[in-house]
Amino acid sequence: MRIAIYPGSFDPVTYAHLDIARRATRIFDRVIMAVFDRPQKRLLFSTEERLHLLRTATADLDHVEAMSYNTLTVEFARQVGACAIVRGLRAGSDFEAEFQMAQVNQTIDPGIEVVVLMAGRPFAHISSTAVREMASLGRDPVEFTPPVVVAALREKFAQRG
């Protein structure tokens, strides 16, 4: 069985993320959307909330599951028996950071490939940052993220008042 991980903060998950995961299942038998549990950035949603949103959003995607991890990404890939790390690129500006990370991962474990999928045309402009920004300004980002996420964003920003 060919397993890949698709790591990210998924804060929150967007249709762009789901598109990459869906397309990765054409290449791999199982895709694990791996939620990083200790990211360096401030997050809107907790790890548990992000996992819940991801699991709900991927419920209809065969061969996709969500898990959290708090180790180096390449070490998590090894732990779950993955042969590849999937990354999505939206624009050329994403390339440099992804290239550097791929080089680090290849140095740590040359047996784990990095597979980059270009964002599909309708999704290339979608980012979690833009989704959070829209929601913080009172606009429901229904075009960019699943309904469960829209509802969670509404609730989160209502709590912040």
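Just so you know, glycine gets a Cβ as well, placed from its N, Cα and C.
Among the candidates GLU96, GLU98, the residue that Swiss-Prot annotates alongside SER9, PHE10, HIS17, GLY88, LEU89, ARG90, PHE123, ALA124, HIS125, ILE126, SER127, SER128, THR129 as binding ATP is GLU98. Across the structure, GLU98 (ATP binding site) and THR73 (substrate binding site) are spaced 13 Å apart at their Cα atoms. Site extent for ATP: among the recorded binding residues SER9, PHE10, HIS17, GLY88, LEU89, ARG90, GLU98, PHE123, ALA124, HIS125, ILE126, SER127, SER128, THR129, the largest C-alpha separation is 18 Å. Comparing local CB density within 10 A for the binding-site residues LEU89, ALA124, ILE126, the maximum falls on ILE126. Distances between the Cα of HIS17 (ATP binding site) and those of the binding-site residues LYS41, THR73, ARG87 are shortest for ARG87. Counting other Cβ atoms within 10 Å of each Cβ, the lowest count among the binding-site residues SER9, THR73, SER128 belongs to SER9.
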